[in-house]
Each structure stands twice: as C-alpha cells, then as structure tokens.
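Participant: Below are the features I grabbed from Swiss-Prot:
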- 101: active site, proton donor/acceptor (ACT_SITE)
- 97, 99: Zn(2+) 1 binding site (BINDING)
- 101, 102: Zn(2+) 2 binding site (BINDING)
C-alpha cells in the first residue's frame, strides 16, 4: 500500500491564514437570486473563510437545503427564522461531503423537524442517511438539481448542478477566495476537469462569494495546481542535474521532504514546513502516478527523484 502523509487540518491553518485577509463581508442571510438563498454557517475561520455557505434552493413552498454548517446555534436560528417567516419546508438535505463544517448542523435540523431524519442525502451515507448517486436528480418548484460525483478534496465529495441557472454548487472543490486543500491530488485534478467540462456559468461555493465566471475560475484552479507540480518537478530535476554532473546514477539528486522543501523555499520555520508537507506529498504522488518521479527507501525516510528527460526537453510521443 502506498504511504501518504495523512490529511490534517491543523497543519493547513498557517497555509490558509492569508486567505482571511481582506475577505469581503457576507450578510448572514442573502437572497442571492430568485432561486438561491445563502445562509452563513456562523463559523468564520482560516479554513472556513467567512463561514460555511448553506443554501436553500427553489421558488415554492418546498426547498432543497445544501449543507448544514458546523452546528452553530446562529445557523439553525437563522435558517428556521427564514423557513417560518416565509412558510417554507425542506424537502431534501444534500451534503457535499463528510467534513464537520458541512454536516455539523444535521442534528439541529432533525431536532427542529424529526421528519428530516429520512431526507438527508450524502454520497457514502452515514447510518440513517440516504445515498446520493452520480447523476441523481432532485426536484422542487423552480429548481432541478443534478448530483455530480467529484472526489479529491474528500473521497465522497459531490457537486450539485442547478439546471435552471446553469450554475454549479462547487462544495469545497472550488472556493470563492483562494484555493482548497485536497486528500488526493490526482483524483482532484480529474474532478476539476469534469467540473470544467460541465460548462456552468456560475458557481456557488461552500466558502466565499458567488463565482460570477466559473469557467475562468476552473481554468485558474487547474493552472494553479499544474504550476505547483511543475515547480516540484523542476526542483527535483535541478537536484538531479547537480548530482549527475558529479557522477551520480539514475537516482541522482534524490531528496527527502525536508530537503525538497529547503531546495524550493530555503530555510523556513518548522510550522510552515509542517503546513507544506501534506500538499507536497500529494504533488509527489501525482507526479509518481504520471511516472515523472520515482522514490526509494522506507516511508519515514522516503527520497524522491526525477525520472525521464528534463521537462523542458522531454520528447512528446
């Protein structure tokens, strides 16, 4: 079994802290379009930006709820206030993925309305939840939502396509500000391509403001990840070139995680190195899957090296 450094949100707090700066203020509740109402989860932070976006979707009495926030009292209060003031009911609860800032409000929902216990849908559902399948459709007045399986940020991640607006609820795969973190970069890149191929005009992210030009945002995300992969590969190729010049063999210039980080960024504090290591791990495994890098040694002392011709001179077949 391949060794990968486990995803740990605490390591990413430093990495994401810059995304907090200069974030636009979002109202607690906003009728974004005739069909979509956004209700903030009341959980702002480095990982959650202004807080988790939850969405009531539809134009009639019955609405579809996408995500449930983290379980903050302010969220369930804001949601139930909107339901009761407008005579609304929830027909389905759709969860984008398993992370607690998206599923944490489910118990409060069921306390508010026990009938909702049989209307909670998630890919790879927990006990008592209903399964979501790729391509499955959910209907209420004014809204037809199609589920799109897009793993990578999380193994069970789903996006939801709102047909009436040609809009995509992007979950945590694509954010309104900055970039997301991932569990599996190779799978995530495949999902980004699938999302881009849907050609949706607008994006409703799980964190941040509405994405007004989703095709441009998808292109930006894909290019950003590809750029990081090129940077890592270039660092390994530079190390190989230096060692080959002194008579090294096929695995010349192999580097450990700390050595690679030092090669790319120089001396950095330990906490920043910890923040970079999970992301770097995902990049290296993606490059290994693409057969651009190899590795040797036991997991705790694994060393990585470039294989094949340098990227700048590689022959395209």
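Note: Cβ is positioned from N, Cα and C throughout, glycine not excepted.
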Participant: Counting Cβ neighbours within 10 Å across all chains shown, tell me which of the binding-site residues 97, 102 comes out on top.
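Facilitator: Per the Cβ count within 10 Å, the most buried is 102.
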Participant: Including all protein chains displayed, how many Cβ atoms other than that of residue 99 (Zn(2+) 1 binding site) lie within 10 Å of its Cβ?
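Facilitator: For residue 99 (Zn(2+) 1 binding site), the count of other Cβ atoms within 10 Å is 21.
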Participant: Can you tell me whether DSSP puts residue 101 (active site, proton donor/acceptor) in helix, strand or coil?
Facilitator: helix
